[in-house]
Amino acid sequence: MVRIFLLYNILNSFLLSLVPKKLRTLFPLSWFDKTLHKNSPPSPSTMLPSPSSSSAPTKRIDPSELKRVFQMFDKNGDGRITKEELNDSLENLGIYIPDKDLTQMIHKIDANGDGCVDIDEFESLYSSIVDEHHNDGETEEEDMKDAFNVFDQDGDGFITVEELKSVMASLGLKQGKTLDGCKKMIMQVDADGDGRVNYKEFLQMMKGGGFSSSN
């Protein structure tokens, strides 16, 4: 199955959190794999696991974690993800999917048939993907490498201020909109003072809780 996952970041105070491969849905591998074309996502049938096909989750989902991820899609905060909101989120990442395919994606998750995805339906999907992650044998080290590669957009082994800003903007996040704000975040974890974050610094940052800001 095509590997799909979602990174989300920024908690209450510029805190970067990672959900490694927990949301293998909606976002094709092509967004992360620089050798592929961003605008050629796989079909919805290969992108979305079916929540009903999974057994009951063995891991308790953190409600606050679930809510943060859900709110990234629920732009107007009404408790439902519409097709339009899904489309906007994908377009923010440079991913363009035909209207009929978006409808199929919503339909696959939409248990009550109202044409939207509510928090309960999202939790069912999220739980099945978390369960799959815990059973697929992948390691935290692999997750960290995948995450670093998303931020390291040019593949040079460093996360720059510009790259951090680009990723945050593509995820539609409000925090860190300015280069100055992102520069302060980089400085928090830039141990060698070169203005960039290398993989070692990235690992140390993740162990410490994430990018933080005194603002």
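Quick reminder: no glycine exception, Cβ is built from N, Cα and C everywhere.
Swiss-Prot lists Asp74, Asn76, Asp78, Arg80, Glu85 with the feature Ca(2+) 1 binding site. Residues or ranges marked as Ca(2+) 2 binding site by Swiss-Prot: Asp110, Asn112, Asp114, Cys116, Glu121. Taken from Swiss-Prot, the feature Ca(2+) 3 binding site applies to Asp152, Asp154, Asp156, Glu163. As annotated by Swiss-Prot, Ca(2+) 4 binding site applies to Asp190, Asp192, Asp194, Arg196, Glu201, with the evidence given as sequence analysis. Taken from Swiss-Prot, the feature compositional bias 'Low complexity' covers 45-57. Positions annotated as domain 'EF-hand 1' by Swiss-Prot, on the basis of sequence analysis: 61-96. The domain 'EF-hand 2' annotation in Swiss-Prot covers 97-132. For 139-174, the entry in Swiss-Prot reads domain 'EF-hand 3'. Look at Swiss-Prot and you will find 177-212 tagged as domain 'EF-hand 4', backed by sequence analysis. Marked as region 'Disordered' by Swiss-Prot: 38-61.
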Quick check: of the binding-site residues listed here (Glu121, Asp152, Asp154, Arg196), which one has the Cα closest to that of Asp74 (Ca(2+) 1 binding site)?
Glu121
Nearest-integer angstrom distance between the alpha carbons (Cα) of Asp154 (Ca(2+) 3 binding site) and Arg196 (Ca(2+) 4 binding site):
13
In angstrom units, rounded to an integer, how far apart are the Cα atoms of Glu201 (Ca(2+) 4 binding site) and Glu163 (Ca(2+) 3 binding site)?
15
Least surrounded among the binding-site residues, given as Asp78, Asp110, when other CB atoms within 10 Å are counted:
Asp78
Nearest by CA distance to Asp114 (Ca(2+) 2 binding site): which of the binding-site residues is it, out of Asp78, Asp156, Asp190, Asp192, Arg196?
Asp78
Say you check the Cα of Asp156 (Ca(2+) 3 binding site) against those of the binding-site residues Asp78, Arg80, Cys116, Asp190, Asp194; which is nearest?
Asp194
What other residues of the same chain, not counting Asp74, Asn76, Asp78, Arg80, Glu85, have a CB atom within 8 A of the CB centroid of the Ca(2+) 1 site?
Phe73, Lys75, Gly77, Gly79, Ile81, Thr82, Cys116
Restricting to the binding-site residues Asn76, Arg80, Arg196, which ones have a CA within 10 Å of the CA of Cys116 (Ca(2+) 2 binding site)?
Arg80
Would you list, in sequence order, the residues of this chain other than Asp110, Asn112, Asp114, Cys116, Glu121 that have their CB within 8 A of the centroid of the site's CB atoms, where the site is the one recorded for Ca(2+) 2?
Arg80, Ile106, Ile109, Ala111, Gly113, Gly115, Val117, Asp118
Counting across all protein chains present, how many other Cβ atoms fall within 10 Å of the Cβ of Asp152 (Ca(2+) 3 binding site)?
21
